[in-house]
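Copied over from TrEMBL:
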type	residues	note
BINDING	Lys140, Gln203, Gly234, Asp265, Lys409	UTP binding site
BINDING	His235	substrate binding site
Amino acid sequence: MTSGVRPIDVLLQRAGVRGHQRAPSDSKEFHEVTKRDALRLLENDVDRLLQTTEPARRPALQAEMGRFADLFGRFLQEEGPALDWNKIQKLPENAVMNYSNLKSPKNEQVCSSIRNMLDKLVVIKLNGGLGTSMGCHGPKSVIPVRSDLTFLDLTVQQIEHLNKTYDANVPLVLMNSFNTDEDTEKIVRKYKGFRVQIHTFNQSCFPRISREHFLPVAKDFDVEKDMEAWYPPGHGDFYDTFRNSGLLKKFIGEGREYCFLSNIDNLGATVDLNILNKLVGEERATTPVEFVMEVTDKTRADVKGGTLIQMENKLRLLEIAQVPPEHVDDFKSVKTFKFFNTNNIWANLSAIDRVLRERTLNMEIIVNNKTLENGLRVVQLETAVGAAMKCFDGAIGINVPRSRFLPVKKSSDLLLVMSNLYTLKNGSLVMSPQRMFPTTPLVKLGENHFSKVKEFLGRFANIPDIIELDHLTVSGDVTFGRGVSLRGTVIIIANHGDRIDIPAGAILENKIVSGNMRILDH
């Protein structure tokens, strides 16, 4: 559990005002009584919330709030980091496969073979996020990222291309949140004539908890009236809500075997036929692989990303929030932990059904502390989809090329995907063969002038040529004219009150451009 919130400390303070106590306040018995009281208080408050909604909605909401209460109960049991560092084992040799060792599907009837594989697949995109961090309204998936096409447009194009090429029927499933559901439902109507079946379902909607009294801050179940009081509890919620939507049962009934799940803002997360061949094709292992996590080589930019470890003879995801403070530097070491999680997950549908039925699904809790606009400090409890890895049999990692991890989180990522570094082919971004190195440039754009998409776009007459760029840092009030070329390492810094306009057609190679427009060799 992350530092900053120790539930038992707060609860002990609350319990301490009761006067006479049979057990000393530091005893195990007292702690257990206090935890039970806290859970009972929360359950009472949740029942009160349920009474504010229409009777027809209550059964479904009751089940959802039951999952929330279970999560809260587990949260109370955890004190300090939820991991014993000394129990980490060395990764077995076969734990992480190298992508280059995977074989392409090959036989006399390649198209027929690939179609059979694709008909066993479901593509799922995590579509719960808003575009607010990039200054956009509505779901993040509808931000234009390339040639006026949105994340959702590109995803639909990719799957339609697969279906048309191989005469297949791969469905697309969108996991929405209460933040994105209504807008997404309107948007998907435009794909009606496309050769893609699109399904949607909603992840849970849980109440945020006050850090002061550990009770929900919501006054009633009218989510739209006070959206800040509610939150979607992370993508680990996928398993339960996917089953509850009826889609898991439907796809198993159709003979589908695997889902490929990824973040919708990861433009590198396309259906990979080599991985699919390993799971359901000619290269299928005799012992089923129930869970695959795509990992890629860690760089200094990725030191906080989750990694793979072996513990208690199971492969599992380790997130920085689980690491004891004295081992954070070890966790960030590129030498110690070579890979990080791309959140591209392949999971066996029947295995998902099994772990849910047997109630063996267990994911570590992520404690996310937030301060609302009104100053109220809250806690939201979340789980990560990859943390379920240890609950499946035959789980492996696959070390994939960096090209399969191309997330767009900031405007600096947007600069890369909009540039001539990539060409667009059937909804997929392909790196230009003119680029000498397969790695992408390191780009840092100042938060004050470039963080919002609209402002970012207004600072470029068009996106510069960055085929030969290694590193770009831009800070301050800077604009770029048409046809600018950036090569090597380029640093452009406009001091406060200064403005730098890079003229049209300028070629900057290994240059530092300072506030007074002097151009110096770097």
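Note: Cβ is positioned from N, Cα and C throughout, glycine not excepted.
A TrEMBL annotation is a machine prediction, not a hand-curated record.
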Lys409 (UTP binding site): tally of other CB atoms within 10 A of its CB: 14
Nearest-integer angstrom distance between the alpha carbons (Cα) of Asp265 (UTP binding site) and the residue listed as 'substrate binding site': 14
Rounded Cα-Cα span from the residue listed as 'substrate binding site' to Lys140 (UTP binding site), Å: 15
Cβ neighbours within the same chain of the residue listed as 'substrate binding site' - under 8 Å, at least six residues apart: Leu126, Gly128, Met175, Gln203, Asn343, Thr383, Ala384, Val385
